[in-house]
Amino acid sequence: MSEVLTVDAVLFGLLVFSGIIGNIMVIYVVFDCAKLCASRHLPPSDTILVHLCLANLLTSVFRTVPIFVSDLGLQVWLTAGWCRVFMLLWVWWRAVGCWVTLALSAFHCATLRRQHVSMGPLGHSRERRRVWVVLAVVWAANLLFSLPALVYTTQVRGNATVELMVISCTTRPLLGCVWEFPTFQQGYAFASSSLALNEVLPLVLMVGTNLATLQALGKHIRTVRAGGSTGAELDRHVSSERKAGHVIMALVALFVGCWVLQVAAVTYYNHNRGAHAEGLLTVAHFSASLFVGFSPLVVALGHGKLRRRISGILQSCMHRLKQTQDKPAEITEKDGRTTQSAMK
């Protein structure tokens, strides 16, 4: 393995495993915080966040980790049947991640623009039910769209030239799994529809939703300031709304930036395959994992409860590690005192 490849593999591995650890930590902390609440229910925004982290976690474990392993030189091949299953899962989880990110942004925008806030257990229950229905539709609709992977996926061994790339799965043959359509026209139609429905449309809607969120956030802050709230309560409420808006906008901006690079690379490959195709695919290779790796960090740093809870967990782990390191020193010191006493 060359030195450059080793550096690339190390950087890519850091992205992969930081994404896995980050998503697991966010999911754990969200459920842990829910257990401390009186209602013991996940808030709607945290429910969407858990689904986003779950989709990212599944994508990292079942797709990005095999990519990292293949970068290290270990080749693993699946049978044709398992290739169809894995291709279905890759397309499904990738598309779910796109649409759940949009759902998180849209939920915050709708919350800011809403005139009447649902109060009481019945109102909160109704809002949670609506969120679960939307998430169920997202998972089910994307599963239906991913079903062609069960038909048009095949298995190859050794070096293979990819004639067509479908952006929702991977930018290269992985585990020996590639797309195989009866004609190039059919494959191009599926790749184009996948690009339009699962990439371009969510990206455009995210940008529009972010702009609407900025407008609604400004209007909401002006409305709160015009009300009769006290100074401390007003500052706390405005600060909370701003932080929530900044977190979601940073998350969407990270998503848009990473996914635009991958969309551009795969589109260039399918249409041109010029001299820059290999370099662009390398950029796409990293950008696809950049969002998965850094999105938990963005969420953890911007979400007040998550930030405090994760900080407490990290401090507890550091304290336990320090105690573990201090114990051998204490034992050695006690043994030394015992030996000195015996000599006397």
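Keep in mind that glycine also has a Cβ here, set from the backbone N, Cα and C atoms.
Straight from Swiss-Prot, the features:
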type	residues	note
TOPO_DOM	1-10	topological domain 'Extracellular'
TRANSMEM	11-31	transmembrane segment
TOPO_DOM	32-47	topological domain 'Cytoplasmic'
TRANSMEM	48-68	transmembrane segment
TOPO_DOM	69-84	topological domain 'Extracellular'
DISULFID	Cys83-Cys169	disulfide bond
TRANSMEM	85-105	transmembrane segment
TOPO_DOM	106-130	topological domain 'Cytoplasmic'
TRANSMEM	131-151	transmembrane segment
TOPO_DOM	152-186	topological domain 'Extracellular'
CARBOHYD	Asn159	N-linked glycosylation site
TRANSMEM	187-207	transmembrane segment
TOPO_DOM	208-246	topological domain 'Cytoplasmic'
TRANSMEM	247-267	transmembrane segment
TOPO_DOM	268-279	topological domain 'Extracellular'
TRANSMEM	280-300	transmembrane segment
TOPO_DOM	301-344	topological domain 'Cytoplasmic'
REGION	324-344	region 'Disordered'
COMPBIAS	324-337	compositional bias 'Basic and acidic residues'
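Taking every listed stretch (48-68, 85-105, 131-151, 187-207) in turn, the largest tally of C-beta pairs under 8 A with the transmembrane segment (11-31) is reached by 48-68. Counting Cβ atoms from all protein chains shown, Cys83 (disulfide bond) has 23 others lying within 10 Å of its own Cβ. Mapped onto DSSP helix, strand and coil, the topological domain 'Cytoplasmic' (32-47) counts 9 helix, 0 strand, 7 coil. The topological domain 'Extracellular' (69-84): residue composition by secondary structure is 8 helix, 0 strand, 8 coil, according to DSSP.
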